[in-house]
Each structure stands twice: as C-alpha cells, then as structure tokens.
Amino acid sequence: MEYYVLLKHLHMLCAYLSATLFIGRLLLDMAGKPNWRQSPLRRLPHINDTLLLSLAFTLLAIGPWQPFSHQWLGFKILLLLGYIMFGFAALKQSLAVPTRTICAVLALAQLAGIFYLARFKPVLFVLS
Ligand code: HEM
C-alpha cells in the first residue's frame, strides 16, 4: 500500500505539471510567442503526459478502483478524452483564434472537472 501512495503522489505531481505546461503554452501563444514549438516545451508535455497516464493505469491495476463502479473515475476518463481533444485544438496554429479560444476554455473547464472528480470523488447519480 505504501507503494500505491508513492505512485499516487507521482501521478499527482505529473497532473500538476501537465496543467502547468498546458496553461504555460496557452499563455505563450496569447503573448504572441509561438516559438516554444521550437524548444523542449514541444516534447516535454508529451513525455510528462505519457508518464501521467502510465501511472494512472498502474493505480487502476493495483488499487481498488473500477471505472464502471466508481462514477468519479468513469467520468474522469470521459473528461480526459475531451481535454485531450480540445487541448490539442487550442494549441493548433492553423485554427482561427476565436475557435482556439473556445477550445482553450472548454479544455480548461474539463481539466478543472478532472481535478474536482479526482479530489472529491462525488457520487454523481444514484443507480437503483
Ligand atoms: C489529465 C489527467 C489527469 C489528472 C489531471 C489527474 C489528477 C489526479 C489527482 C490530482 C489525483 C489525486 C486525488 C487526491 O487524492 O487528492 C488523482 C488520483 C487518481 N487518478 Fe488521476 N488524473 C488524471 C488522469 C487519470 C486517468 C486517465 C486515470 C485512470 C485511467 C486516473 C486514475 C486515478 C486514480 C486511480 C487515482 C487515485 C485515487 C485515490 O487513490 O484516491 N487518473 N488523479
């Protein structure tokens, strides 16, 4: 179980880093500095996100959680898919700025939802 706690903290560290790197790239684009795409900032988020998801699936494998029984986890995975899709579009230079802005807002809202579900694990609806 100590092992589980250590992996969970690593997962959390990657989660905070992932959010920071995403917001940082959005801010650089907003400041008219798209050159981060020619720096390590291009690859670093992918490496971190791969680690984040590997740790997530390891926690699932060794912990008590099941996506179909624990609603917070099932919805977290759904929100993750939306966050990946809208996050990708928000950073896509070929899209128009208003489209990217809407995508950025949606991605950030879903990211907030992911953190909320992970932290509070609410029961969203009662199945009879
Ligand atoms: C952007 C993606 C993700 C973020 C930001 C994120 C964030 C977090 C955070 C902050 C926690 C700690 C909650 C707490 O106890 O305070 C956590 C725990 C956890 N996450 Fe994630 N997570 C992400 C993706 C995933 C995915 C895809 C899965 C499953 C496939 C997953 C499975 C878990 C599990 C099993 C725990 C441990 C719950 C516990 O033992 O309390 N996470 N996550």
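Placed from the backbone N, Cα and C atoms, the Cβ positions cover glycine too.
TrEMBL does not curate its annotations; it predicts them automatically.
Since we're looking at a predicted model, the values are computed, not measured.
Residues 34, 36, 41, 44-45, 48-49, 51-52, 55-56, 58-59, 62, 87, 90-91, 104, 107-108, 111, 114-115, 118 of the same chain lie 6+ residues outside the transmembrane segment (6-28) yet bring a C-beta within less than 8 angstroms of a C-beta in it. Annotation source TrEMBL lists transmembrane segment at 6-28 (among others).
Nonlocal intrachain contacts for the transmembrane segment (49-66), taken as residues 6+ away from its ends with a CB within less than 8 angstroms of a stretch CB, comprise 3-4, 7-8, 10-11, 14-15, 18, 73. Positions annotated as transmembrane segment by TrEMBL: 49-66 (among others).
Long-range Cβ contacts of the transmembrane segment (72-91) within its own chain (Cβ-Cβ under 8 Å, at least 6 residues beyond either end) map to 22, 25-26, 29, 60, 65-66, 99-101, 103-104, 106-107, 110-111, 113-114, 117-118, 120-122, 124. The transmembrane segment annotation in TrEMBL covers 72-91 (among others).
Feature annotation from TrEMBL assigns transmembrane segment to 98-118 (among others).
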